[in-house]
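Student: Pulled these from TrEMBL:
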| type | residues | note |
| --- | --- | --- |
| TRANSMEM | 12-29 | transmembrane segment |
| TRANSMEM | 35-53 | transmembrane segment |
| TRANSMEM | 60-77 | transmembrane segment |
| TRANSMEM | 156-176 | transmembrane segment |
| TRANSMEM | 223-241 | transmembrane segment |
| TRANSMEM | 253-275 | transmembrane segment |
| TRANSMEM | 343-362 | transmembrane segment |
| TRANSMEM | 377-394 | transmembrane segment |
| TRANSMEM | 401-420 | transmembrane segment |
Amino acid sequence: MPGSRQVRFSTQTLLVCTGIVLLSGPLWAAFRATWPVLVGASFLGGAGLLLLWRRDVLSVRAVLWGALLLRIAYLPVGPGLTDDLYRYIWDGWLQWEGINPYRFVPSDSALVSYQDTSLYESLNSQEYYSIYPPLSQLFFALGGLAYDGHWATSYYVLKTLFVGVECIGVVVLTRLTSTRNVLLYAWNPLVLIETAGQGHTEALLALLLLTAVWAVRRRYGACASLAIAGAGLVKIYPFALGPFLLRRFGWRAVWPGALLVAGLSLPYAAPYAVPHIKASVDLFAKLFEFNAGPYYAVKHVLWLWTGADWSKTIGPLFRGLFLASLPVLYGLDAWYKWSFRRACLVLIGTLFVLSTTVHPWYLVPVIALGVAGPRPSWPWLWLGLCSIGTYLFYVDGPYWVWIWTGWGGATVIALFRLYAPGLRRYVLGDYRAEPSAAE
């Protein structure tokens, strides 16, 4: 009995300490000078989550209430870590002014009457067309409705909306996996920073992808179709997941999503919309690079070998490799009868491995999918944690160490999981076999 009380006490102490560390995150995120502390607190909080996961003592109610409390704590954080929210508000504001957000770049002379604002000055992409699909634009319009000449009101309206939908995503996650796995997403430092802290659209994307996984497991083909179509209308790449549904449900998984895409795209339909979106996507792919470990590794090897900068070649080549990999992934899914969750995780993971830019918030969906099965995807969880460190690039702190530690560590963990199953079970615990057809 004394031993039992000691374990219970130590678990309570661990829970309190982990909670305090995670709740301190908003304070460190609010000031650029304390971003190094934010990184350290994130790793400390991540270690606490791992220990809590190992002990598996929290109820689903405790995890959900903790998730809500942590998101409320992060809501007041301003847009210091990213400036994407300014573009969200800009696009939403233009819509209420009767202007299609895909028509002009913000610096266009046609928008001169809108450029004498602090919102315009805060944009980081004044020379680029908007790349956000229609469902994202509808959310931006809700934020733009609150625009009163200053961005703050719209910013917090948008963040509240995204936190609301992401909380629903956490609830959906409880229907897909164990409580201790839900903990790894619901209290994850990166997820908290990027959803409640910075209000990225990945909050909505995570909900839709998890809903699709839930619908496939329940054999609700139409619901899964709508969820994947909605995900593609938030970020374009989930449209590539459509063929996975086609194999499982046939054409009845096509028409609901197709109708949703047509209906939500209609208000923004114009001859210039697709060309302008494509132009910006191409420019971003060619000009930007961040936290892309495999890309940097290939680039560095080629530089050592030839003495030349191959970045303008590697980017398009990687994009071509990803497109070429799609039929292979669809074939592997059909041959090995992957679960839908696993198929989605492999495809999106392949996209990120072959990307030139992997901002920290990009990883929110793979973290959600990675914990939705019986076995957490530890490589993505590790990479997500290390990606928080890349924010130090903006305050002249260490940058490359986080890339090599993140991607290198993820590779080591993946190899460890692949080649040392006996040792893995000893360290990480026993697991049930992952369902396949049921997913």
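The backbone N, Cα and C atoms fix where each Cβ goes, and this holds for glycine too.
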Student: So, does the transmembrane segment (343-362) come close enough to the transmembrane segment (223-241) to give 3+ Cβ pairs below 8 Å, pairs being at least 6 apart in sequence?
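Tutor: They do touch: at least three Cβ pairs between the two stretches lie under 8 Å.
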Student: Honestly, do the transmembrane segment (60-77) and the transmembrane segment (12-29) touch, with at least three Cβ pairs under 8 Å and pairs 6 or more apart in sequence?
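Tutor: Checked: the transmembrane segment (60-77) vs the transmembrane segment (12-29), in contact.
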Student: Suppose I define contact as three or more CB-CB distances under 8 A, residues 6 or more apart in sequence; do the transmembrane segment (35-53) and the transmembrane segment (377-394) meet it?
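Tutor: In contact, yes.
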